[in-house]
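Asker: Structure incoming, see below.
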Amino acid sequence: MNRGPKNIIFFIFAFFCISLISGLFYIPVTFSKASILDSPISQPNLVELTNQIRAVKELSPLLFNDQLQQAAMDKANDLIKNNYFSHNSPQGKPFNTWIEETGYEYQIIGENLATGYATNKEVMKAWMDSPTHRDNILNQKYREIGIAVIKKEIDHQEQTLVVQIFGSPRKLYLSELFTGYNQSETISQGLLYV
């Protein structure tokens, strides 16, 4: 076996290249997670952080749902328009009103609200420190999510308002999806999330 200078230089070069490539892939991941936590509040980052917390508890990730997103936006706009911060409107409308107006048919739903925070980390910490908000985030029955993030002015200061809505769609019998089948037939006994 020849262990001359060429082989040693080759191994040093190969080691250097592998170290360099490994470092390039490692560094952005580290900075990326830190920047998500400390960055200004955003809908995609809150969805990702919610799913990361659920993953730690071995819960399935929540899928983004356009109808829940629309319900969250509508609720956020109503909070601003009518100047309140509550799950129920001053007119007595419960939070499920905005969900039902989108046509989302649900089995179970939940809502988290936040305002007065500057970063994703602050919002998630506040929710996780609150038993009811944490229960929503970690509820294994939820399958889908929609989040609205809106800037608003309160007492001449800009603040961020966050509405997070969770849902699990209503279970449908296969017979409801396909005409010609009835619930007594074997195929209709399976349930399907739609």
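Sequential numbering from 1, following the chain as shown.
Positions of Cβ are set from backbone N, Cα and C atoms, glycine also.
Marked as domain 'SCP' by TrEMBL: 47-153. Taken from TrEMBL, the feature transmembrane segment covers 7-27.
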Asker: Using DSSP, how many residues of the domain 'SCP' (47-153) fall into helix, strand and coil, respectively?
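Answerer: For that range the per-state counts are 49 helix, 23 strand, 35 coil.
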Asker: For the domain 'SCP' (47-153), what is the mean per-residue pLDDT, to the nearest integer?
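Answerer: Per the prediction, mean pLDDT sits at 95 for the domain 'SCP' (47-153).
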